[in-house]
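**Q** Below: one structure in structure tokens.
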């Protein structure tokens, strides 16, 4: 039997370094980034429309939607990037998101008239299937799970 030795030629698996990211922004982390990106787009579109067309009706609610959009954008960028700074930005943004969803949800229960129109975080995200409530929980868990990974340290 003539078994040739494996060669390390261009194009062989041994010659190519892994191009795929590893750590918190790979695998299921990519799905998390995608969901955050979708929410960033949805919240931005919602806030932009509300502010442009009916700002006088419920300015506080629409500004809260705009704030939520900014939080989702920052969280998306932080989760998508590697390194210690991106990790810290992610933790802060997702924590603010969690606090925002809880605060706006509770505020809406205590004083429903204060927000005459819904925000992204109204009713704990009820208008979005409670994903705004579950997403930061999942995000914080994911970040905690990857707190010591190489991608978090840079």
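Cβ coordinates come from backbone N, Cα and C, glycine included.
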**Q** Would you please say which range out of 1-25, 26-50 has the annotation region 'Disordered' in TrEMBL?
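**A** Checked against TrEMBL: region 'Disordered' maps to 1-25.
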**Q** In the same chain, which residue numbers or ranges, 6 or more beyond the ends of the transmembrane segment (121-144), come under 8 angstroms Cβ to Cβ?
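**A** Distant Cβ neighbours of the transmembrane segment (121-144) are 24, 28-29, 32, 35-36, 39, 42, 61, 64, 68, 75, 79, 87, 90-91, 94-95, 97-98, 100-102, 104-105, 108, 115.
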**Q** Please give the sequence-distant neighbours of the transmembrane segment (31-49): residues at least 6 beyond its ends with Cβ less than 8 Å from one of its Cβ atoms.
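**A** Residues 25, 62, 65-66, 68-69, 72-73, 75-76, 79-80, 120, 128, 131-132, 135, 138-139, 142 contact the transmembrane segment (31-49) from elsewhere in the chain.
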